[in-house]
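Have a look at the structure below before the remarks.
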Amino acid sequence: MNLRPIQSELFLSLQPLVLVLLDITPMMTVLEGVVMELQDCALPLLREVIPTDKEEVAFKDLDIAILVGSMPRREGMERKDLLKANVKIFKSQGAALDKYAKKTVKVVVVGNPANTNCLIASKSAPSIPKENFSCLTRLDHNRAKSQIALKLGVTSNDVKNVIIWGNHSSTQYPDVNHAKVNVKGKEVGVYEAIKDDSWLKGDFILTVQQRGAAVIKARKLSSAMSAAKAICDHVRDIWFGTPAGEFVSMGVISDGNSYGVPEDLLYSFPVVIKDKTWKFVEGLPINDFSREKMDLTAKELTEEKETAVEFLSSA
Ligand code: LMR
């Protein structure tokens, strides 16, 4: 029996929520509209919605912080300019978490560049354990599952243990060497099931790496529904743990990993979660093809980090 839908249902039916929504002052009237919509959803467990433009209100005693807002890249903007603007935002939010949130708070960073924004927020909140910070690569993870499922004509629930390594950017490495797929009741490796190595090493990887850009091109807007679903998956797994025999991808602090990824990077790894605590999945064999791709995305994250840390003291 697949327990995932039941587990999501449990979250909805057992966990009362107080939602605190933070935005900048000029957006307060828009936020009122969001509050009205939330009320109109008649969600039985939504106990209160608090809209605010004040960090001391927004971050007070939080259990979970989902940091969605960031400065989006505009035409003509250099990557450095983007990082500079975001370091300012995430330094301020990290400091506010440090000051006002519970020390057990789980922080999920979604705003791009998500990995480096998350690292900056964590560095700006020294009293909160680094392990409490994660960034969203579940969207890429879900995209990878779905591409495999579409290719085989199975459902995405039949695919498990794909991995997203590295940055939530076009250098990310979607890896299916350890993934399994249920074909007609039999669990087999993805390479064995698909029997098309050149697709798996070529178009599959490119499609997942470039999916965010493809959605923006088609919609003229960034992903919304799929990102929201991925946030729900990510937070549900932090709260309830990952199912037995399954792992998921999350951007987490790289300290102590056994995969040769440099320390002090916010890098996406395969993790299992129990009692609201994640652990690296250890001991997966890494072939030369994967090694090269994992190093490439680590290099990009190292460069992003160096630039961001440079700005941190002046932000
Ligand atoms: C996505 O992966 O869909 C987004 O992170 C893309 C973006 O830049 O907003």
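Keep in mind that glycine also has a Cβ here, set from the backbone N, Cα and C atoms.
The shown structure was predicted, so the numbers you read here are calculated from the model rather than taken from an experiment.
Annotated substrate binding in TrEMBL involves R73, R79, R143 plus, out of the candidates N112, N177, N182, the residue N112. The candidate list N86, N142 contains one residue that TrEMBL assigns to the NAD(+) site with D23, V110, G111, N112, namely N86.
Neighbour counts of Cβ atoms within 10 Å were compared across the binding-site residues R73, R143; the minimum falls on R73.
Among the binding-site residues R73, R79, N112, R143, the residues whose Cβ lies under 6 Å from any atom of ligand 1 are, in sequence order, N112. Sequence-distant neighbours of R79 (substrate binding site) (same chain, six or more apart, CB under 8 Å from its CB) are R73, E304, T307, listed in sequence order. For the pair H168 (active site, proton acceptor) and N112 (substrate binding site), the C-alpha distance works out to 8 angstrom.
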